[in-house]
Amino acid sequence: MLKRRSGTFGCTKEKYLIAFLLGFCTMLFTVLPMMFTEQGYFIYYGDYNAQQIPFYSLANDAVRSSSLGWNWFTDLGSDFLTSYSFYLSGSPFFWLTVLLPRGLVLHSMPVLLAVKHGAASLTAYAYIRRFVRGKNAALTGALLYSFSGFQIYDIFFNHFQDVTAFFPLLLIAMEENINCRRRGFFALTVALMACINYYFFAGQAVFLIIYYLFRMRCSDFHASWRKFFGLVLEAVLGTAMSAFILLPSAMALTGNYRISQRLYGTDMIAYTDKTLLPRLIQCLFMPADPPAYPNLFVSDYEKWASIGAYLPLFSMTGVISFMKLRKKHWASKLLICCGIFAVIPILNSLFQTANSYYYARWFYMPILIMSMMTAHSLDDEKNSCFTGLKVCTFMTLAFAVIGCLPRKPEEGGKLRFFTMPEDKLYFWITIAVTAVMLVCTFLILRRKKKGNLSTSFMVFVTAVASVCCVFTTTIYSANSVEFANNYIETVIDADDEVYEAISSDNFFRIDISSDCDNYPMVWGLPSMRAFQSVVNTSIMNFYSYVGVQRDVASRAKLSHYALRGLFSVKYYYKEKNEGCSYSELLNAPPDSTPPSSSGSDEEDTSKVIIPDELPSFRYVGETEHFEVYENDLYVPMGFAYNSYVTKKTADAKSKLQREKLMMKSLVLSDEQANKYSDILCEYDPAAQSDLNRSAYKRFCLEKQQCCSKSFSFSSEGFVSEIDLNAPQLVFFSVPYSKGWTADVNGKPAEVEKVNEGFMAVRAEKGENTIVFRYRTPYLREGLIISVTSAALLLVYVLIFRRKHGRKDHYDTVHSYGYDPYEKIQAAQDYCTRLFNKK
């Protein structure tokens, strides 16, 4: 059975629009109830609220104000392009929001989520149709991909869906390149995927290699060495075309300790978490557990690993039946290979540049193949699929039995049955949903066997099942309507929450309560607290040096009070909690006053009296949702030092003391100490009193006397004016980057990296005007590479077309190799006419 070429992808009158609308409307239907109860917004939980909403707000403000250089609202400051290239700066969906009125941006996020699902359904349909004859069967497969367990899980990580929406185009482009000699399309698709997300692009490169190896020997894949090298050339050109975003992002990651973690020894061949393999099996046969809440197989690890692969309604029914019937098919072999990669740590890590952190964030790629196999099985007249249904039923019963297993109490007592799941109600709901869907699958397969199955009805049932799967996860995991409305008032519609606003010539930072990490991004306030994984590496290096954990967020505890002075923090915003107001805590009996948090776990600061923990912070007022404390020791940005300590001296101090020492003296390398010994004296902390609170207060008061008279900032840099009694080094708590250059009084000045991550320049006696300018490192080089590569691709395509024209284009795209259940209408009409003539 051969498929003839006609039209863009070898087919006419295709259901592309229907595929998009099915994905779009199915997703929109699931979020509409939340939008109705949440003032037109979609407030979910976890990272979606804490990152996705603030990032869309911040990035829109940056783009609309042309502030695409240094972003002052991302942690202590970071490059905009490289900090958000993992999230949204390369996403076509994000740039659509820039076209909207600013007030509609956050309202548009659930609609945009539906558009992403529509795009995923459309591209998956275009790919699946290359292997499945029935259009409705292909539509079913497209829905399975668009609403798989991976997709539903990663609503939590909204930006992952940008990748899955376009991934099928990569495989389509490869097929077109090899089978149809369509030059340039593969390179453009590679460039698009590299721009959208460099992390996922690394995994896609590995999968494309595996895909090619399994496809190359197929009769419908007309591979040759010449075509292979042409494909490699386009892959290189496509990657190079994305250099304007890929090169700066890659260079910005160098020095980030998270990408340098590797697997060694037995960790390369076996997972240490004994629950992981059962969870991987479970995710194939049951709807995914919500992020952060593993339910049946409870573990403190892999909570955000995107472990999800369930196909709505059909589960693994079609996949298993396909593999049994077509053991030697390339898709069967490919899926077995992916399974091996999934269970061996070192192989799994290849999809994330061999990093030791466990993630299943590449599962969407084999899921596309699984969706195609399911659609193929449903459309294959000879494939009853009952074998796969039996296996899925058995696995569902097995997980139900596991849910009934007893737990042994820690201290005596009787065995407790039915307590294995962390959340019993949710577990049995998912079991029930899975069972109902298996029953529906059985009914569909029985009608198929009898020959009276409406494939349009099958598509409809799949869409309904997709809605049920989304509801099962989102309704359970989403925050309450009360929380959502409070979030809207506190974060989004929070004009009254800002005690003092910043301006281009009024810069300061704030600190804020735990669980409010990125609120200041939406408010337009620079903050020392941030939940952002990809920031300037100088920030990570500094925090490591002073003993603050900096993995995915900057959350310095109150015991690190000296950082508030060093970072020019002017206000602390404490979230209001019932019974924990400043006056209530101040007047509470001594017995009920919580102990000092300076040496304890400070994640919950609700019952902490802020002035007791942060020296010289005093209560100055409150907004509707926050109490505000002002720092009387606030030191404006840009202050001078007349002394230094060498790094060796600072290393001898405890990590907590180092930050206090930095308020007195700069931490310099030996080379820097020799270089500036003419203007700085070496400070000997051993000859002074302990680095305690009194010393910290004294240091801050000293710095207030030698700080900038004015400080103005923009995305392109900043200007500081300072009057000094003698030549000194002027320190700025701005993370060091190679993109910074400086002038002092109109003359170029050398930017020094001091205090393990920040910047300082030499200024002379008297009035000084210090100008720092910023340019994204490697952006210019990246643009040159991108433009050059685009020109080379154009030349390559033109030469190829002129040389080859239309010859060597194959009339057939694929060999289906099966009789479809969904008959071709024209053939049916022809047979009917012949029958009527008789």
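Note that Cβ sites are derived from N, Cα and C of the backbone, with glycine treated the same way.
Database features (TrEMBL):
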REGION    584-605  region 'Disordered'
TRANSMEM  16-36  transmembrane segment
TRANSMEM  93-115  transmembrane segment
TRANSMEM  136-153  transmembrane segment
TRANSMEM  185-214  transmembrane segment
TRANSMEM  226-247  transmembrane segment
TRANSMEM  304-322  transmembrane segment
TRANSMEM  334-351  transmembrane segment
TRANSMEM  357-375  transmembrane segment
TRANSMEM  387-405  transmembrane segment
TRANSMEM  425-445  transmembrane segment
TRANSMEM  457-478  transmembrane segment
TRANSMEM  782-800  transmembrane segment
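Same-chain neighbours of the transmembrane segment (425-445): 285-287, 295-296, 312-315, 317, 384-386, 389, 392-393, 396, 399-400, 403, 453, 458, 461, 465, 468-469, 472, 476, counting only residues six or more beyond its ends whose CB sits under 8 Å from a CB of the stretch. Contacts between the transmembrane segment (16-36) and the transmembrane segment (136-153): present, as 3 or more C-beta pairs lie under 8 angstroms, all at sequence separation of six or more. The stretches the transmembrane segment (387-405) and the transmembrane segment (185-214) do not meet in space: the count of Cβ pairs below 8 angstroms, excluding pairs fewer than 6 apart in sequence, stays at fewer than three. With respect to Cβ pairs under 8 Å, the transmembrane segment (334-351) is most closely packed against 357-375, considering the stretches 93-115, 136-153, 226-247, 357-375. Sequence-distant contacts of the transmembrane segment (304-322) (same chain, at least 6 residues past either end, Cβ-Cβ under 8 Å): 47, 143-144, 147-154, 156-157, 160, 279-280, 283-289, 291-292, 329, 331-332, 335, 358-361, 363, 366-367, 370-371, 373-378, 383-389, 391-392, 395, 434, 437-438, 440-441, 445, 461-462, 465-466, 468-469.
Ranked by number of Cβ pairs under 8 Å to the transmembrane segment (226-247), the listed stretches 93-115, 136-153, 185-214, 357-375, 457-478 are led by 185-214. When each of 136-153, 185-214, 457-478 is checked for Cβ pairs under 8 Å to the transmembrane segment (357-375), 136-153 comes out on top.
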